[in-house]
Each structure stands twice: as structure tokens, then as C-alpha cells.
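Positions annotated as repeat 'Solcar 1' by Swiss-Prot: 18-100. Annotation comment: Swiss-Prot describes 107-210 as repeat 'Solcar 2'. Residues or ranges marked as repeat 'Solcar 3' by Swiss-Prot on the basis of sequence analysis: 220-302. The transmembrane segment annotation in Swiss-Prot covers 20-42, 71-90, 113-133, 185-201, 222-239, 278-296 and rests on sequence analysis.
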Amino acid sequence: MEDKRNIQIIEWEHLDKKKFYVFGVAMTMMIRVSVYPFTLIRTRLQVQKGKSLYHGTFDAFVKILRADGVAGLYRGFLVNTFTLISGQCYVTTYELTRKFVADYSQSNTVKSLVAGGSASLVAQSITVPIDVVSQHLMMQRKGEKMGRFQVHGNLEGQGVIAFGQTKDIIRQILRADGLRGFYRGYVASLLTYIPNSAVWWPFYHFYAEQLSRLCPQECPHIVFQAISGPLAAATASILTNPMDVIRTRVQVEGKSSIVLTFRQLMAEEGPWGLMKGLSARIISATPSTIVIVVGYESLKKLSLRPELVDSRHW
């Protein structure tokens, strides 16, 4: 890659941390609002047996919208917003790990791969209990029980804000499984998200390098970065979706064994069962990845320490 194609990377020591975290929370919230409906749809598709209720992403979207309205697409959203904490822990761990690995390797791919995997380990330790509660709320549907637990009372008009539902689910999890219930599927989550995060970065650099060779010299870096991100996300989603299906079933259905869940899924639905919810996952990942690739670098530019803003070309 030619020198003028090289992108100056803003590292941890270049940032005004206060601005970085304030802008970061706002950016993350915007992403969550835009992709949450597809996260909910993906969860329901992965848990349902065969095509007993929904026949695909679009069918699920239409049926949920008809049955529960827009609020139904955001069921469990309030609880899910607590993962903003894990999101900030992710970026902090990612940046600090990059800084640490830089003492041993100057390869951007190596730094990103190790940092991505480490960041996912930290983030998932915080996210899994929130995910468990959020997923059970996602599975609530008027008049039907789709998961292990069902909230009591009328779901009519209750979507985004439903404190009573959340407390009800938490109590049922505690009663059935104790505190361990909030970490059900933890290993499966690690086996899903650590590889996903670690794999994304090498593919991102690969696609960016290939596109930089194809694009005209005057093409801005941001263009092939914005294209490379979703391509890398789609690739990582395809590779890790089987584990994501198993993770979701372990957490929602209360299964205790990854191996037994895998065997049951294969027996009931065959290999295609491992690809359930893939299109919804890619759809939800695409906008967030574009924002992460384009927005995250813009976020870091906005968060530069004042004395560094004009000191070099970022």
C-alpha cells in the first residue's frame, strides 16, 4: 500500500478521555436505537423451533409490528441500554491493549486482533447478565410463551418501558437458577464474541487493502473504510453465527450444555438450523459497523487533546 494511503491512527494517549466517553455514549446509543429491532428479531428466529411462528426476518418484522406495534420491536430495550457500560469497557480495553501490544509488535493486524479479543472478554463478562434478562423480555409475546419464563399481567402497550416486567423476569431467573442463571451461556458467549471481534479486524484490514488498490488515488480513505467494515462484519457473522444460535438457545431455553444444544439443534433442524437469524444479524451489524468504522474514527478526532488537533494530519 502506498504511503499516501496510510492512515494515521489515533491512539489512546492522544485522546481527551472526558470528551471521548461523552461522545462515545451518545454514538453507542444512536446505534442501539437503530439496530435493536433486528436484534430482537434475530433472537426470536434463533429460539423458535423450525419456522413455527416466523418464516424469516421480514415476516417476523411485519408480524411483530402488527401484533405489538412499534413498542413490540423495542421490548427489553430499557434493560439492554445498560450494555452501554460494557461498550465503554470494550473501547477502553481495546485501546489500552493496543498500546500494550505495541511494545511487542508494530503490526496493526496483530494489535487489532489481540485487542479485539481481549476487549470482548471484558465486555461479555459485563454484558451476559444484561443479555439474559433482555433476551427473556424479547421473547415476551401477547398470549404466547416463547421462552422459559413469562411475565405476569397484560403486555398491552408495554414495550420499551416496563419496569414490572423486568423485575418479574429477574425474580423468575433467581427462583429457577439462582445467581448462576444470570451467567447462563457465558462460555457460549465468549466462544461467539471473542472470535467475532478477533476475526473482524484482520478481514477489515484485508478488505481495506484490496479496495485501496482498486479505488482511484483521489478516493478518500473513508470511502473504502466504510465499505470494508460491513464486508468484514458479514464475513465474521457467517463464521460465528452457528455459535450465536447455540448461545441464544442456551440462555433463553435454560440449557446447560453447549454440546447437547448443538446435537439437539442438528437433530431437529439439520445444518441450516445453524444459520438461523443470519440475515437479521447481518442487517443489524451493517449500520453499526459503518458507524463504528466511520463514526469511531471521527469520535477519536473530536476527542483529540487540544494541543494535538493541528499538530499533524490525522
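Glycine is no exception: its Cβ is also placed from the backbone N, Cα and C atoms.
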Based on DSSP, tally up the residues of the repeat 'Solcar 1' (18-100) by helix, strand and coil.
68 helix, 0 strand, 15 coil
According to DSSP, how is the repeat 'Solcar 3' (220-302) divided among helix, strand and coil residues?
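Looking at the repeat 'Solcar 3' (220-302) with DSSP, the answer is 75 helix, 0 strand, 8 coil.
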Residues of the same chain, at least six outside the transmembrane segment (222-239), with any C-beta under 8 angstroms of its C-beta?
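Non-local partners: 7, 195-196, 199-201, 203-204, 206-208, 211-212, 215, 278, 281-282, 285-286, 288-290, 292-294, 297.
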Could you give me three numbers for the repeat 'Solcar 2' (107-210), the DSSP helix, strand and coil residue counts?
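Taking the repeat 'Solcar 2' (107-210) as a whole: 77 helix, 4 strand, 23 coil.
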